[in-house]
Amino acid sequence: MTQAQLAQGTSPLLAVRDVSVVFGGIVALNGVSFDMHKGAILGLIGPNGAGKTTLFNCLSRLYQPSSGDILMEGVSILSRPPHRIAEIGIGRTFQNVALFPNLSVMDNVRVGAHSKTSGDIISDSLRLAWVRRSEASINKKVHEILAYLDLEEVAHTTVSGLPFGTQKRVELARALAADPKILLLDEPAGGLNHEEVYVLGDLIRRIRDDRHMTVLLVEHHMGLVMSIADHVVALNFGKKLAEGTPAQVQADPDVIKAYLGSKDQ
Amino acid sequence: MSAAEEVVAEGHQAVEAVPKRAMTLGTGTSLVVLAALVIAPVFVKNFIIFQMTMLLIYGLAVLALNILTGGSGQFSLGQSAFYAVGAYTTAVLMEHFNINYALTLPIAGVVCFGFGFLFGQPALRLSGVYLALATFALATAMPQLLKLNFLEHWTGGVQGLVVTKPDAPFGLPMSQDMWLYYFTLVVTIAIYIFSVNLLRSRSGRAFMAIRDNEIPASAMGVNVALYKTLAFGVSAAITGIAGSLGAIAVQFVAPDSYTITLAISLFLGMVVGGVGWLPGSFVGAAFIIFVPNIAEGISKGLSGAVFGVLLFLVIYLVPHGARQVAIAGKSES
């Protein structure tokens, strides 16, 4: 199977190779492999406990796979500590919104640009000329993103007081501030109503097109995944159940049995 | 599902923090305060000038703790140890090596930065009350370390060291106390400005991101371990410089001047001034210097109890300290 994928010609932007994760005696992921190609929106689906979030946490290096490898542009990311994942172009959002609650929207997004900038405590304390230039360019970038996501009005508001839907947009803005090549979205539709999910789907597609990103969407909301994903990977009990276009996966008898079937009954 | 996720979901937070823009005073207020600080010594006695110098010095030490706790969310009851290292660095350099007092300040800062940075390494594994306890141990150990026999040649052991008070330079017609006050004021203003710059910069945002939520901070590329230890280093450096100035102002260093009581006073100063509000550091310093005297004036025999009651009143009436008063004043005007 690996050879077949290599023969496709275009090398994948991100390759998950035979990844397994074992917690004590529990196998959370069991030999999962798939590729993400540049510019695609890949939907990762599966019932609760299927291993979606475990895989997600392997990608952001919160978990270390027991075996297998994850390659970004052909290079393994597994030797990188979590704080050195952003700099190779992997940005993420969190399942239940993990912002910096006491900072303003602007500062949250500014922290997003941390990996793209440099600085040291002495230059920062003295506010040297290059620090001021760097801050000015961060601010320009942040304002552009806030305008893009319609967050300008709340730029100076502390995030803890904002509605949940707005906080989710702030998180997206924070992830965009580092100009990632891959955007990992962990259940972005969670907690949103029908209307908001529809708007979100549009937004994800727009971000992919405007900002040339590749998106990994881990989602429960089947409607959202099926309407915007180019490619879908279905997991169950830590194993890959099916992979293909949304239509193919939706028609797969195993998937219907494990996931859709059980929901319809 | 996992520990990592639970932490993310709870928005793990050590301290309730101040929004960043509200961390400083407005330009107008700053200028008024500055003018008062510059003019006041001309009209008061030397002893009052000395007390104002001590206010600035303790203010710096509280400010340093504020950067650590208000900025990066780490607790410390060990600030007296950093203060002692700064004080002894200055005393030893001045008395044994005849180095100019002004030059000993940056040296003490660098020494204490290193000390704080190294102490920050084991502290990385601890958080909240556990970190407070570890730093408490440091504060308890420091006076004993200073009394060690093999250091006695340098530190003077239990006796401590007497420090010569510098005269005003260039033949300025000024008392030693007044000169030292202005010298301290200049150092304080410089450090205050550097601290404000730091907290408003990329490094400061990294501190505050860690304080608010470590996991997303790390996902944004912030090296959590590095910035936590840097916060300890910066805080120790500023505390050390305060210690240096304190040694010069008091003209004496001895192990028992730097016990856990000092560390607790500084912690108290931070809470009274408002955690994370930098100007509050100086209000807190005024509290820990003057309120014990006021308490003594009310009742000699029960000064501790009176102090306790006054402290209790402050915490009850303004739980967020001087910051709360300042914000209330601003919104009313």
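A Cβ is built for glycine as well, from the same backbone N, Cα and C atoms used for every other residue.
Record features, source TrEMBL:
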TRANSMEM  B:22-42  transmembrane segment
TRANSMEM  B:48-68  transmembrane segment
TRANSMEM  B:99-119  transmembrane segment
TRANSMEM  B:126-146  transmembrane segment
TRANSMEM  B:179-199  transmembrane segment
TRANSMEM  B:230-254  transmembrane segment
TRANSMEM  B:260-290  transmembrane segment
TRANSMEM  B:302-319  transmembrane segment
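Three or more CB pairs closer than 8 A are found between the transmembrane segment (B:99-119) and the transmembrane segment (B:230-254), so contact between the two stretches is assigned (pairs 6 or more residues apart). Long-range contacts of the transmembrane segment (B:230-254) within the same chain: residues 50, 53-54, 56-58, 60-61, 63-65, 67-68, 71-72, 74, 76, 79, 82-91, 94, 101, 104-106, 108-117, 119-120, 123, 156, 158-166, 180, 184, 187, 191, 195, 198, 203, 207, each at least 6 residues beyond the stretch ends and with a Cβ under 8 Å from a Cβ of the stretch. Against the transmembrane segment (B:48-68), the recorded stretches B:22-42, B:126-146, B:179-199, B:260-290 differ in Cβ pairs under 8 Å, and the greatest number is found for B:260-290.
Long-range contacts of the transmembrane segment (B:179-199) within its own chain (CB-CB distance under 8 A, at least 6 residues past either end) are made by residues 20, 23-24, 34, 37-38, 41, 49-50, 52-53, 56-57, 59-60, 63, 67, 71, 102, 105, 165-169, 172, 207-208, 234, 238, 241, 245, 248-249, 278.
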